[in-house]
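This report concerns only the one structure given below.
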Amino acid sequence: MEDFTAEETGFSGSNGTEGAAGSESILGDAEEIARRQKACEELHAQMPPPDPALGPYCPRTFDGWSCWNDTPAGARAFVQCPDFIPGFDPNRKGHKDCEDGGHWYTDPRTNRTWSNYTTCVDMSILKFHQGVNSVYISGYSVSLIALCISLFIFFYFK
């Protein structure tokens with residue numbers, strides 16, 4: 001499979017918008033996605049269609065997070081990881097595979113096209129956060145058990 005970067009198509013991956021890095025509200029993310037979709041549609045409207053003589057292409061699309069340009073069949077397209085998703089490193093790249101027939105890879109479990117953003121997450125940081133969450137859960141569990149014991153003792157001797 002050939003690698004095909006967004007830069008080769010004239011698209012930088014930022015969708016022409018300023019990112020909402022650190023945005024923690026759902027509304028903020030929805031607004032950012034709407035801005036990105038609009039910028040993607042505007043970009044795609046300005047781009048000429050691919051030359052059919054060069055073979056099949058996967059169609060340009062917006063997957064809800066990023067803008068993907070026409071990609072030659074058998075190639076892998078790359079975009080910058082979204083900066084408004086908590087835990088994603090915007091310096092990394094996500095990818096989408098264009099299959100030989102000129103259609104985007106479809107996840108067999110969901111039967112939907114799939115963009116691979118798993119590379120956007122630093123696994124060492126993710127494991128650290130999971131460890132911290134385990135400590136929180138353990139602490140809250142011990143606290144809940146102690147509370148139940150104290151309530152039992154309180155009502156028993158009342």
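The backbone N, Cα and C atoms fix where each Cβ goes, and this holds for glycine too.
The region 'Disordered' annotation in TrEMBL covers 1-24.
The domain 'G-protein coupled receptors family 2 profile 1' annotation in TrEMBL covers 39-124.
The transmembrane segment annotation in TrEMBL covers 135-157.
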Beyond a gap of at least 6 residues from its ends, the CB atoms lying under 8 Å from the transmembrane segment (135-157) belong to none
Averaged pLDDT, computed only over the residues in the domain 'G-protein coupled receptors family 2 profile 1' (39-124): 91
